[in-house]
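Copied from TrEMBL, the annotated features are:
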TRANSMEM  47-72  transmembrane segment
TRANSMEM  254-274  transmembrane segment
TRANSMEM  281-299  transmembrane segment
TRANSMEM  337-358  transmembrane segment
TRANSMEM  378-402  transmembrane segment
TRANSMEM  475-502  transmembrane segment
TRANSMEM  523-545  transmembrane segment
TRANSMEM  623-644  transmembrane segment
TRANSMEM  665-685  transmembrane segment
Amino acid sequence: MKIVWESGGKSNFCCRSLLRWIWIPQMKGEPRKFDPKFRGPIHNRHCTDIICCVIFIVVILGYIALGVVAWVHGDPRKVIYPTDSYGQFCGQRDTLNENKTILFYFNILKCASPVVLINLQCPTTQLCVSKCPDRFATYIDVQASYRYRPDQWNYFRQFCKPGFNNPRKSVAQVLRDEDCPSMIIPSRPFLKRCFPDFSTKNGVLTVANQTTFKDGRGKTRNVTDLREAANGINNVLDARSVGMKIFEDYAISWYWILIGLFIAMMLSLLFLVLLRFTAGVLFWIFIFGVIGIIGYGIWHCYWEYDHLKGIPGSDLTVYDIGFQTDFKVYLQLRQTWLAFMIILCGVEVIIILMLIFLRNRIRIAIALLKEGSRAIGYIMSTLFYPIVTFLLIAICISYWAVTAVFLATSGEPVYKVMANQTLCKYANLTCDPETFNTTNVTKLCPGAQCTFAFYGGESLYHKYIFIFQLANAFVFLWLVNFAIALGQCTLAGAFASYYWAYRKPADIPLWPLFSSFGRAIRYHTGSLAFGALILAIVQLIRVILEYLDHKLKGTQNSFTRFLLCCLKCCFWCLEKFLKFINRNAYIMIAIYGKNFCTSAKEAFFLLMRNVVRVAVLDKVTDFLLFLGKILVAGGVGVLAFFFFTQRIPVFAQEVPMLNYYWVPLLTVIIGSYLVAHGFFSVYAMCVDTLFLCFCEDLERNDGSTAKPYFMSASLHRILGKKKLSPKKAVGQ
């Protein structure tokens, strides 16, 4: 079987290419034929993976249709506004509740926790009111004094059902029908709901400086009966206070935060430029530093081993003393230090041998890093492409979030029977509030009411809400992975144009980044969508596994936990592998313009033929870029720390007064790391692209006049190949 390098051609369908993947003649050394006129990324291209492209476009149109349907049926006010027992929004315009923006609970003692209150699951009547109660009062006391204290009745009845104004109705009937609450207590609004106004006095929990209250049913109760709810509410209120202070800090320090991020951007650019000159120095300093540290560890272990000689008990073995929880016991044994010394000697020998046998590949990796810095210097626009990717992902996240909210609020009001009696057989059954009073439920279950429970429905659309949410999440993952793939393919095409330029920078095409972006969109949308689809499926499976693990937590047996753990681990590894394959496949797509499966296959085999170089390059690149991120984030973080703590005398008067100086400080540190990561991701893509081009260059050309190398002069010298042609040397 012969593998021919094509410069274009009609796209094969993904699955057909996937079947051909099984055959691996290239691994057996079969010679490959190349196009002698090849000079970099193919410009005469054809559309690839057309069927995948069509499916992708259809899915996008369907996603838009799903958003429209969700927008028609959904109502975000169900999330923003609280809803009373009749399914009406509190504070909704042009309704009777327009000026009643707060939700009031008749008997808050029936609500176990704030979470229950927020989720509208509390089995008590809920009413929209204009303000929360500011005093203690019970219906019994108000009814008894309404003749000579009508003002108390007028105040109390605003917390009764609308239209109720019959203080002569017996207390038992009022409480049974829940026309009015049995008692009201001083409250304050939070999340547009009335919560008891808890406070502490001398370490004692109080409500309006009182430790007891009447429950309106003839009992005097202690406010500690609300302790469970009080603890949760106070924690939330404290969090709200902290949140307000954090917001204030952001409001007065945002200008300095932006300055810090700008400094991080400049430092990132400077680090990338300096890598051209310092990549080798930084790497070798680190390597020799590690060798020195391990050498010191060996000496220290020998010193401890010799120092313990003759001390009673030091010659015992680990087996003799058995398992000990105090690790210091083992440090008193000579055998422990001997084992440490042997392990460190082994690590030292391995590192030295790797440096000896892999020294040439390490030099190649460092040369590629320097070449990557030079390539970015010629195509500076690539450094700002991550902004495009960020905007695309931000659009995807926004559309997904809005669609999810509208889907979640697409239901119709569902009413259920709320009964005080636990043995009521009608409890939690759906009901119709308009006809509820004509049924016999109230007779069989005294005090039962038909109250609003949640939003749902029985229509076909409402039955498949969960499926729509799942589809929303899946398409979101697909689009995000496509945006990332588009960025990787675009950058790969631009950097490949640099490598395959025979005379640099004279032969670099004009606007390489924009040209590469246009090729990726015009010809390879299907291929990028296909790679993103595979990754999105695996990620969705991981999300489902995490969801199942969360839902089944506490009810799993050992085997189930083990199985879920294995599945999560396997799919995590699979996702990492697919990201590696996709990344290199997009590079081959950017260069040769073939479909996804063919590009992935050729990239995989090319990397396998250079597996040692791949490993060395990845580790060297990871180390230097990680070092760069730490230097940028750490340097800007130290500067921000001295600034916000007023330790820089020159700027002491400019520092804003903050509640928490760590708020802008952490924001600057995290933001600086993300800025550095954005710039260095471009650099990593550049190095990966140049490496694949370098491997192709070695297999395609031999350095002769007919087949000259396209690599830089430094890489050429490291390989010890034939001399470059005069024109090539001048171009470098």
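Note: Cβ is positioned from N, Cα and C throughout, glycine not excepted.
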Residue numbers, six or more beyond the limits of the transmembrane segment (337-358), whose CB comes under 8 Å of its CB atoms: 287, 290-291, 294-295, 297-298, 301-302, 304-305, 308, 331, 612, 616
Feature contact check the transmembrane segment (623-644) with the transmembrane segment (281-299), CB under 8 Å, 3 or more pairs: yes
Leading contact stretch, 47-72, 254-274, 475-502, 523-545, 623-644 vs the transmembrane segment (378-402) - CB distance under 8 Å: 475-502
Of 47-72, 475-502, 523-545, 665-685, whichever stretch has the most CB pairs under 8 A to the transmembrane segment (623-644): 665-685
Ranked first among 254-274, 475-502, 665-685 for CB pairs under 8 angstroms with the transmembrane segment (47-72): 475-502
